[in-house]
Amino acid sequence: MDSNTAPLGPSCPQPPPAPQPQARSRLNATASLEQERSERPRAPGPQAGPGPGVRDAAAPAEPQAQHTRSRERADGTGPTKGDMEIPFEEVLERAKAGDPKAQTEVGKHYLQLAGDTDEELNSCTAVDWLVLAAKQGRREAVKLLRRCLADRRGITSENEREVRQLSSETDLERAVRKAALVMYWKLNPKKKKQVAVAELLENVGQVNEHDGGAQPGPVPKSLQKQRRMLERLVSSESKNYIALDDFVEITKKYAKGVIPSSLFLQDDEDDDELAGKSPEDLPLRLKVVKYPLHAIMEIKEYLIDMASRAGMHWLSTIIPTHHINALIFFFIVSNLTIDFFAFFIPLVIFYLSFISMVICTLKVFQDSKAWENFRTLTDLLLRFEPNLDVEQAEVNFGWNHLEPYAHFLLSVFFVIFSFPIASKDCIPCSELAVITGFFTVTSYLSLSTHAEPYTRRALATEVTAGLLSLLPSMPLNWPYLKVLGQTFITVPVGHLVVLNVSVPCLLYVYLLYLFFRMAQLRNFKGTYCYLVPYLVCFMWCELSVVILLESTGLGLLRASIGYFLFLFALPILVAGLALVGVLQFARWFTSLELTKIAVTVAVCSVPLLLRWWTKASFSVVGMVKSLTRSSMVKLILVWLTAIVLFCWFYVYRSEGMKVYNSTLTWQQYGALCGPRAWKETNMARTQILCSHLEGHRVTWTGRFKYVRVTDIDNSAESAINMLPFFIGDWMRCLYGEAYPACSPGNTSTAEEELCRLKLLAKHPCHIKKFDRYKFEITVGMPFSSGADGSRSREEDDVTKDIVLRASSEFKSVLLSLRQGSLIEFSTILEGRLGSKWPVFELKAISCLNCMAQLSPTRRHVKIEHDWRSTVHGAVKFAFDFFFFPFLSAA
């Protein structure tokens, strides 16, 4: 047998039979290896050394060996490079017993042998021994593995992945690996390769036992928390058996901040609180675990209930729910206006983003509980590995749990930009002020205690600055106290920003300094460990100050004290509130037509009721539970982003072209772009030249010639026409008006005109009040009065006429005009400038010579939103939200 032969690993080739002389240590190794091949002795534990099971995890030595290795590390004793008195056989036996230092020495020995002979075989064996040592957290073995990986020595397709994984481990992960090894063998005293989860749970109590055994007296609460945490850690895997590698991987995920969700599903005191409760009082997840038979019976009853409801499915096939849904949808969409969107969209954005803020804050509270459990597990690991870098572990945890904070800040962005635009009449500012104050306090209490001096001072500074800023708007007459909140000097900083010198400004500067100090902790790693979590408290506090400015004293009393007292007075107030509610509803119904309301509600509720019947699996409890999941927040943020981008594109399109208030007269336009210019050159050249006038807002005077209706839109009529004939006539009379009867008493011109159509109409009633009209007005140039009062032929040229498009809001004034009326109108030059009969949009109109009884004398102006000033106000509010009272937008 070859004297250089190593124990064969699964990926190593057979050694060549070429003996060579070696040193005395190698002869000792040869003898031990020959004995190993012939007898195959196994050391205590699941693994003896490299061989058929070389890829398995190595078991550590007995507890006495653990203390021996600790003393060797402390005293610097044990096998070293210069210590040649210890025979290699003894080192090999230690390596087989699981000593990581001996395994490293054996790996180094075979690396030296690989330099002389059988390089591939010895290198492969050395890597196998080094892998075993690296799995126990041996730093020297990791360095040698990195060198082997770089030189491709002993690296095969079977071990390359494992070598890369061990070589890339950080010091923190190696420390966690060491602690996990000790904990695993305490949980597995029989040194099995795989242990059942139930057996591990039975041995959890042994982890907290010291060398002298269990300590007398009650178990400290910290040890109880560590024991519960360890039980959750063991039961976090779905496997029935857990091996050493599985346990180590769980702890490595912990080191990276990826904590199993089962660790934080419930509080530490849940088991004590749920003791003695009946199955009906337990949550669903605990009911399934603790009382499975009772849960199965409930599921059976639920399935029977679903089966009974499924019989209603045939009803949905008879009633055309999709058609009804489509009719309602198109009726709603066709009646939507820009005014409605300008009112509704900011409210939707505000409420959705505020709900998203609340959900993200609840997720942050959940993470604060995770922080507490995280530190409990850290303390447990520190008992077995004092070299564990706790700060680095906390940094990893904080970095991997920044998602709810990012979602929260994005939600704050939407709240800030939508609040100044949204209608305050539809926002309960007093109630929201109380809610924001509550979340300010609770978010502060959930912060880490490591930065407590800075967070406490920051919150006190922020609250003081906010209260001082509120003093000038207080209704009380405290002139000396209000001076503290007033601005003494304003210094312009550029054209857009103003620097305010005041007491709140100085406090704000100090607050920024505290932010910097929090971020500076742990070499600026405190930015996402301490500063970002505190921003949740900061944003809630700033939002409460802003909403307080829109609140009233009575509303704050109602929101803070009234609702609290309402809980105690609930039995007495129920009857009174019910009576008041009935009276209010009766008053509301008497002011409206009850039949019309009932029919509308019934039609709209049919699809909803059928959908509820067919979707019996809908769970309100599940919906409430899902609010703490990030998927709901992501969905809200995606929709908010889409809505804001859509509105932004609309505003950008409508405000992109600046309107120029031109002094251009109609006569000048006619000379440049009228028939005279066409005759001098041609119409196409004239159109190209006149395109330079695009965007001019002009106010001209002209002669009204005629107006015509170009389009009539009635979505209600379209929807009713799709219904059966008798239902359609009934709904026309319900929602519309009946044709009047022709009688000598009809004095109204409109009634007289309608009564003539009664015999010709195919329905007894009409719903023309829902009509939306689009008009086109033809306007000619005004006549110039000559000396003899004659009009030139050129002035009455119809090719100089222009056409104005008008919406339904100009209906009243347009129907009162007569041919030849002198009108003043405003429009914007755009479109087919320089052609015959250019078409412009009517912006404003007034009649100059109409009789007062036919048309009001006021000017009819098209209602248009000033989107530019709206966006400017939102941006100014957002800037002041973040920087006031230090800076404010000009």
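First residue shown is number 1, and so on along the chain.
Placement of Cβ uses the backbone N, Cα and C atoms for every residue, glycine included.
Residues or ranges marked as region 'Disordered' by Swiss-Prot: 1-86.
Among the features that Swiss-Prot reports, N-acetylmethionine is placed at Met1, with the record citing a large-scale study or a structure entry.
Marked as region 'Interaction with ATP6V1A' by Swiss-Prot on the basis of experimental evidence: 1-321.
Residues or ranges marked as compositional bias 'Pro residues' by Swiss-Prot: 10-20.
Under the heading transmembrane segment, Swiss-Prot lists 314-334 (among others), citing sequence analysis as support.
Non-local neighbours of the transmembrane segment (340-360) in the same chain are 404-405, 407-408, 411-415, 417-419, 421-423, 426-427, 432, 435, 439, 539, 627-628, 632-633, 636-637, 639-640, 643-644, 647, 865; each lies 6+ residues outside the stretch with a CB under 8 Å from one of its CB atoms. The transmembrane segment feature in Swiss-Prot is assigned to 340-360 (among others).
According to Swiss-Prot, the feature transmembrane segment maps to 402-422 (among others).
Annotated transmembrane segment per Swiss-Prot: 427-447 (among others), in sequence order.
The transmembrane segment feature in Swiss-Prot is assigned to 465-485 (among others); the stated evidence is sequence analysis. Residues 502-504, 507-508, 511, 541-542, 544-545, 548-549, 553, 884-885 of the same chain lie 6+ residues outside the transmembrane segment (465-485) yet bring a C-beta within less than 8 angstroms of a C-beta in it.
Below 8 angstroms of C-beta separation, residues 454, 457-458, 461-462, 464-466, 468-469, 484-490, 531, 534, 879, 884-890 of the same chain, each at least six residues beyond the ends of the transmembrane segment (496-516), sit close to that stretch. Residues annotated as transmembrane segment in Swiss-Prot, with sequence analysis given as evidence: 496-516 (among others).
Per Swiss-Prot, transmembrane segment is recorded for 529-549 (among others), and the stated evidence type is sequence analysis. For the transmembrane segment (529-549), same-chain residues at least 6 beyond its ends with a Cβ under 8 Å from one of its own Cβ atoms are 357, 361, 364, 394-395, 398, 402, 405, 408-409, 412, 415, 419, 429, 432-433, 436-437, 439-440, 443-444, 446-448, 450-451, 454-455, 458-459, 462-463, 466, 469-470, 473, 515, 518-519, 521-522, 556, 881-882.
If you look up Swiss-Prot, you'll see 563-583 (among others) marked as transmembrane segment, on the strength of sequence analysis.
What Swiss-Prot lists as transmembrane segment is 589-609 (among others), and the listing cites sequence analysis.
The transmembrane segment annotation in Swiss-Prot covers 632-652 (among others), and the record cites sequence analysis as its basis.
As annotated by Swiss-Prot, topological domain 'Lumenal' applies to 653-869, with the evidence given as sequence analysis.
As annotated by Swiss-Prot, transmembrane segment applies to 870-890 (among others), with the evidence given as sequence analysis. For the transmembrane segment (870-890), the residues of the chain that approach it from at least six positions outside its boundaries are 413, 416-421, 465, 469, 487, 492-493, 495-500, 502, 504-505, 508-509, 512, 542, 546, 651, judged by C-beta separation under 8 angstroms.
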Integer mean pLDDT for the region 'Interaction with ATP6V1A' (1-321):
61
